[in-house]
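One structure is given here, and the rest of the page talks about it.
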Amino acid sequence: MKMSIRTPPRLLELAGRSLLRDQALAMSTLEELPTELFPPLFMEAFSRRRCEALKLMVQAWPFRRLPLRPLIKMPCLEAFQAVLDGLDALLTQGVRPRRWKLQVLDLQDVCENFWMVWSEAMAHGCFLNAKRNKKPVQDCPRMRGRQPLTVFVELWLKNRTLDEYLTYLLLWVKQRKDLLHLCCKKLKILGMPFRNIRSILKMVNLDCIQEVEVNCKWVLPILTQFTPYLGHMRNLQKLVLSHMDVSRYVSPEQKKEIVTQFTTQFLKLRCLQKLYMNSVSFLEGHLDQLLSCLKTSLKVLTITNCVLLESDLKHLSQCPSISQLKTLDLSGIRLTNYSLVPLQILLEKVAATLEYLDLDDCGIIDSQVNAILPALSRCFELNTFSFCGNPICMATLENLLSHTIILKNLCVELYPAPRESYGADGTLCWSRFAQIRAELMNRVRDLRHPKRILFCTDYCPDCGNRSFYDLEADQYCC
């Protein structure tokens with residue numbers, strides 16, 4: 001009888017599970033356990049809450065990294081506590097286990113195939129492939145060699161209080177701060193009293209943070225409390241600010257002082273590459289203060305749904321830190337009554353690098369479009385261009401399309417349905433819109449072979465969404 005090639009790993013799996021049932025499981029036994037058995041048996045122990053086995057397996061863990069976050073999705077605080085107890089034993093004992101390799105406890109919420117790879121290897125006997133498919137261990141360069149253990153975590157502060165896992169972890173870290181390094185690379189603040197945020201930020205090494213998102217309805221006095229912490233995030237690469245408002249109780253003098261305190265922190269952010277600001281009301285008339293403090297060349301700049309003055313646009317076009325932009329998003333900024341010469345200058349500056357341009361809902365009208373066409377037609381790296389929500393006529397749209405003809409890298413183009421598509425009451429006339437699309441289809445294909453062009457309607461009063469149509473007159477989405 002021919003033996004199946006899956007028989008050996010299956011026998012190993014059964015043998016390993018019998019170890020988990022052994023209440024007298026000893027460290028010496030685990031030190032002789034084949035490396036390939038650890039991941040599947042660890043998952044088994046975690047899901048079945050074999051706490052004593054977990055403590056010992058952590059101490060004998062044969063890899064440098066323990067990516068625990070995917071397993072925490074199984075609600076089991078008791079098992080999580082057992083893992084930390086096992087780490088305690090490692091950190092406090094004088095003599096380390098012979099097999100100890102663990103250096104990183106990874107609690108980041110990232111796509112993780114570690115457990116999947118080893119589980120499939122157990123099922124199919126492909127342990128060699130599992131070893132080849134392991135991801136390199138992520139280190140924190142700042143703390144290399146200073147502490148025996150680094151704990152990677154992502155902080156999502158979205159409720160009034162932390163979840164039970166993070167609460168327990170931070171308390172555990174606080175009590176062992178001299179034995180390990182807590183590294184947080186991503187911080188997202190979606191809603192929490194600032195006094196709670198402050199206590200958490202005091203525990204984190206701010207130099208480690210690379211991405212910050214603040215999406216709260218903060219007024220300027222609260223932003224003032226956050227400002228000193230921002231200045232210490234010297235390795236910050238991405239900053240997202242959303243829904244920052246000016247309190248009606250703040251005088252113009254106070255506003256200027258607070259904005260100055262905030263923007264001067266950017267002088268310290270020498271790694272910043274991506275800056276996103278959405279519904280940030282204090283930018284009006286103060287954009288120059290922020291731009292003058294930028295010390296790096298940005299790759300991404302999005303200023304959306306904000307009120308800007310014409311002078312703000314002028315300062316933006318003169319900023320030296322925007323000359324290498326790959327992404328520029330100014331959607332939702334009303335430009336109807338402004339000269340677009342600053343925007344023309346801005347596009348000329350970034351023409352060599354710009355790949356994504358979004359000018360949706362800027363209120364750009366026919367008489368303004370010509371100002372930006374020469375500069376737009378020189379953005380040869382552009383692959384996505386969105387111009388929805390701007391009330392232009394058919395002739396202007398055709399002119400715009402004729403200027404983008406030479407942009408060979410354009411993959412996605414989004415344009416508004418021209419004004420002729422609507423009736424006197426502002427509702428879309430479907431028959432007229434279909435006729436216009438047919439005319440545009442012939443016009444565009446006479447000029448070039450587009451990869452994807454979509455025409456969008458105004459927002460639907462019922463569902464609040466736009467409808468998108470391609471050149472073939474088929475509805476794309478609503």
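Positions of Cβ are set from backbone N, Cα and C atoms, glycine also.
These figures come from a predicted structure and were not determined experimentally.
Annotated in Swiss-Prot:
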- 99-126: repeat 'LRR 1' (REPEAT)
- 181-205: repeat 'LRR 2' (REPEAT)
- 206-232: repeat 'LRR 3' (REPEAT)
- 233-268: repeat 'LRR 4' (REPEAT)
- 269-294: repeat 'LRR 5' (REPEAT)
- 295-326: repeat 'LRR 6' (REPEAT)
- 327-347: repeat 'LRR 7' (REPEAT)
- 351-378: repeat 'LRR 8' (REPEAT)
- 379-403: repeat 'LRR 9' (REPEAT)
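Helix, strand and coil content of the repeat 'LRR 6' (295-326), in residues and according to DSSP, is 12 helix, 5 strand, 15 coil. When Cβ-Cβ distances below 8 Å are used as the criterion, the repeat 'LRR 3' (206-232) is approached by residues 140, 142, 183-191, 194, 197-198, 238-247, 250, 254-255, 258-259, 261-262, 265, 268-269, 271, 282 of the same chain, each at least six residues removed from its ends.
Here the repeat 'LRR 3' (206-232) is broken down by DSSP into helix, strand and coil counts: 15 helix, 9 strand, 3 coil.
If one looks beyond the repeat 'LRR 4' (233-268) by at least 6 residues along the same chain, the residues whose Cβ comes under 8 Å of a Cβ in the stretch are 206-221, 223-224, 227, 274-282, 286, 289-290, 292-295, 300. Within its own chain, the repeat 'LRR 7' (327-347) has Cβ neighbours under 8 Å at 299-308, 310, 313-314, 316-318, 354-365, 368, 371-372, 374-376, 378-379, 386, counting only residues six or more beyond its boundaries. When the repeat 'LRR 7' (327-347) is classified with DSSP, helix, strand and coil residues number 7 helix, 3 strand, 11 coil. Broken down by DSSP into helix, strand and coil, the repeat 'LRR 2' (181-205) contains 8 helix, 9 strand, 8 coil. Shown for the repeat 'LRR 4' (233-268): DSSP residue counts in helix, strand and coil, namely 17 helix, 8 strand, 11 coil. Broken down with DSSP, the repeat 'LRR 5' (269-294) shows 8 helix, 7 strand, 11 coil.
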